[in-house]
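*Asks:* Questions regarding the structure given below will be posed in turn.
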Amino acid sequence: MAIRRKSTKSPPILSHEFVLQNHADIVSCVAMVFLLGLMFEISAKASIIFVTLQYNVTLPATEEQAAETASFYYYGIKDLATIFFYMLVAIIVHAIIQEYVLDKINRRMHFSKTKHSKFNESGQLSAFYLFSCIWGTFILVSENYISDPTILWRSYPPNLMTFQVKFFYISQLAYWFHTFPELYFQKTKKEDIPRQLVYIGLYLFHIAGAYLLNLNRLGLVLLVPHYFVEFLFHISRLFYFTDEKYQKGFSLWAVLFVLGRLLTLILSVLTVGFGLARAENQKLDFSTGNFNVLGVRIAVLASICITQAFMMWKFINFQLRRWREHSTFQTPTVKKKPTVTKGRSRKGTENGVNGTVTSNGADSPRNRKEKSS
């Protein structure tokens, strides 16, 4: 009788619903803890610090808004908790875009490892830049920053922010902080980590500086065109990966990149160098958030100018590398024709194809005579 062997495979102890497959599951569980904490009175006070914006101030109604009260916000140490929560939200959104959009495209296109990582980077950043650019443009229009440019330096310091302005800065800081753990989650190559740390640090330095120095108006005006230019670059790179003949987007990006650097320098010098320099109140006061002193203005202008110079230097190197690759790709390779002498050609015709000795050539009458002698 044949003995049936029992299967050595053990049944799964826990189903997929209870097993945490990746980092997105862990992060989503942590975020749900804060949301569920709002449902209970004991933990509601602690959860509110993470989920909602802090430091709310309600001002009395003005003559223009007789029936409504205006709510404004200022920044404080509790904003770190809010940034942490929305950093978790950014990680979850990052994983959703990666799994349901970018991974499906990668399976169809069959990219190499290098193109795969760059495609994922451009896909994530293009989605973020597009969303931030649309959101920032809506704030600029609603807050009348475009119609009245003098609002950038008039009535400084604007230590009170509207809800959408503060939430915009909280979201920006949360997104760029989430990129640090993503370097580990995405298994970034060691040689690419220093490059990414540089531009992540530059974003955090300038966005946090504008937020803490009450230059949120200037920072918002500078971020929107910069994000649009960066979106154009990454969306052009996505099209380039699908079709390497696509170069029109890079040409438009090159022009707008230079114009964006000039616009950043002009607005910065106009606001900090001329507008704030002529303000009456130029005393350092932490209680009111006034940082309009000479040292701070020089530091702000120096950091902006150095960053723009660094970006132009990287841009020029990038363009030179592209031109070299384009020129080497278009130069035709000239093949040298083999020179054949008359003697070799005769010998080749006598002895057969390409000078090889055939049976007819070996049995010629002349060779027979030499052998007999």
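Note: Cβ is positioned from N, Cα and C throughout, glycine not excepted.
Caution: TrEMBL annotation is automatic and unverified by curators.
What TrEMBL records for this protein is below:
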type: TRANSMEM; residues: 26-51; note: transmembrane segment
type: TRANSMEM; residues: 83-102; note: transmembrane segment
type: DOMAIN; residues: 117-326; note: domain 'TLC'
type: TRANSMEM; residues: 123-147; note: transmembrane segment
type: TRANSMEM; residues: 197-214; note: transmembrane segment
type: TRANSMEM; residues: 220-240; note: transmembrane segment
type: TRANSMEM; residues: 252-274; note: transmembrane segment
type: TRANSMEM; residues: 294-316; note: transmembrane segment
type: REGION; residues: 331-373; note: region 'Disordered'
type: COMPBIAS; residues: 334-346; note: compositional bias 'Basic residues'
type: COMPBIAS; residues: 351-362; note: compositional bias 'Polar residues'
*Asks:* Looking only at residues six or more beyond either end of the transmembrane segment (83-102), which have a C-beta under 8 A from one in the stretch?
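*Replies:* For the transmembrane segment (83-102), the nonlocal Cβ contacts are 22-24, 27-28, 30-31, 34, 50-51, 119-120, 123-124, 127, 170-171, 173-175, 177-178, 181-182, 185.
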*Asks:* Hey, would you say the transmembrane segment (220-240) packs against the transmembrane segment (123-147), going by three or more CB pairs under 8 A that are 6+ residues apart?
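*Replies:* By the criterion, they touch.
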*Asks:* Which sequence positions outside the transmembrane segment (197-214), separated from its termini by at least 6 residues, show Cβ-Cβ distances below 8 Å to it?
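*Replies:* Here the qualifying positions are 75, 156-159, 169, 172-173, 176-177, 179-180, 183, 220, 223, 289-291, 296, 300, 303-304, 307.
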*Asks:* Using a Cβ-Cβ cut-off of under 8 Å, list the residues of the same chain that are 6+ residues beyond the ends of the transmembrane segment (252-274) and lie near it.
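*Replies:* Sequence-distant neighbours of the transmembrane segment (252-274): 152-153, 218, 221-222, 225-226, 228-229, 232-233, 236, 297, 300-301, 304-305, 308, 311-312, 315, 319.
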*Asks:* For the transmembrane segment (294-316), what are the same-chain contacts with Cβ under 8 Å, counting residues 6+ beyond its ends?
*Replies:* 202, 205-206, 209, 213, 215, 254, 257-258, 261, 264-265, 268-269, 272-273, 276-277, 282, 284
*Asks:* Considering every residue in the domain 'TLC' (117-326), what is the mean pLDDT value?
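*Replies:* Averaged over the domain 'TLC' (117-326), the predicted model reaches a pLDDT of 92.
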